[in-house]
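Per TrEMBL, the features are as follows:
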SIGNAL    1-21  signal peptide
DISULFID  Cys32-Cys47  disulfide bond
DOMAIN    61-211  domain 'Cupin type-1'
BINDING   His110, His112, Glu117, His156  Mn(2+) binding site
BINDING   His112, Glu117  oxalate binding site
Amino acid sequence: MEISSLFLQIFLALTLLTGLAKPDPDPLQDYCVADTKSPLSLNGAPCLNPTQALSSHFTTSALAKPGDTKANPFGFSVTLTTLANLPGINTMGITMARVDIAGNGLVPPHSHPRASEVTICLQGAILVGFVDTSNRLFTQRLEPGDSFVFPKGLIHFLYNTDSRRPALAVSGLSSQNPGAQIASRAAFVSSPPIPDVILEKAFQISPEDVAKIRRNLGG
């Protein structure tokens, strides 16, 4: 009886773990064009009546224009497909992103809690990398045509190694809403702020260092 109970507990635990690891739910119809005007709040967006679907719902020019890499101190810009600019992506479990990086610019260490990512370098030279849960670093220098995969939820970065010319990449992510969390901003510019003593101990830095980093990150 005890063995049966143990196996039952293991089975339930595995069921919960695999359930938590699932990607976005599969659509139950050919498509579900997002009804962005609906007042309903769902895990995604309500569907338009299929008879109202148009070819324009499945195409976008959102990634055609360069982003403003001067809008932040890191020198990068990410332009995403969203339900607003590509409503046909609703329930498809994917997102596309245009990544513009200025000379010596950096997409700082960050993670996507709900998606893995594949990045294709289109222009320039980009040093990419991620750190696994054993703190092992995987890096690669990408040139036009090269691709690299970032596993789901792991900290990763992209750095333009050319100081004079911009770099361009396109990424595909395995979620309609991958989320993004920049590690440094999460630690030092949260609202309300993480107590200074926590940051001092976690990063082994002084109170002055904490204050300086907060200022530098806009906190």
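Every residue gets a Cβ built from N, Cα and C, even glycine.
Distribution of TrEMBL features across the structure.
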| residue | record | Cβ neighbours (10 Å) |
| --- | --- | --- |
| Cys32 | disulfide bond | 21 |
| Cys47 | disulfide bond | 21 |
| His110 | Mn(2+) binding site | 19 |
| His112 | Mn(2+) binding site | 23 |
| Glu117 | Mn(2+) binding site | 22 |
| His156 | Mn(2+) binding site | 23 |
I want the residues beyond His110, His112, Glu117, His156 whose C-beta is within 8 angstroms of the mean position of the Mn(2+) site's C-beta atoms, in chain order. Ser111, Ala115, Phe130, Phe150, Leu154, Ile155, Leu173, Pro178, Ala180
Quick check for you: of the binding-site residues His110, His112, Glu117, His156, which have their Cα within 10 Å of the Cα of Cys47 (disulfide bond)? none
Measuring Cα to Cα, how many Å separate His110 (Mn(2+) binding site) from Cys32 (disulfide bond)? 30
At the level of the C-alpha atoms, what whole-angstrom distance separates His156 (Mn(2+) binding site) and Cys32 (disulfide bond)? 32
Nearest-integer angstrom distance between the alpha carbons (Cα) of Cys32 (disulfide bond) and Glu117 (Mn(2+) binding site): 23
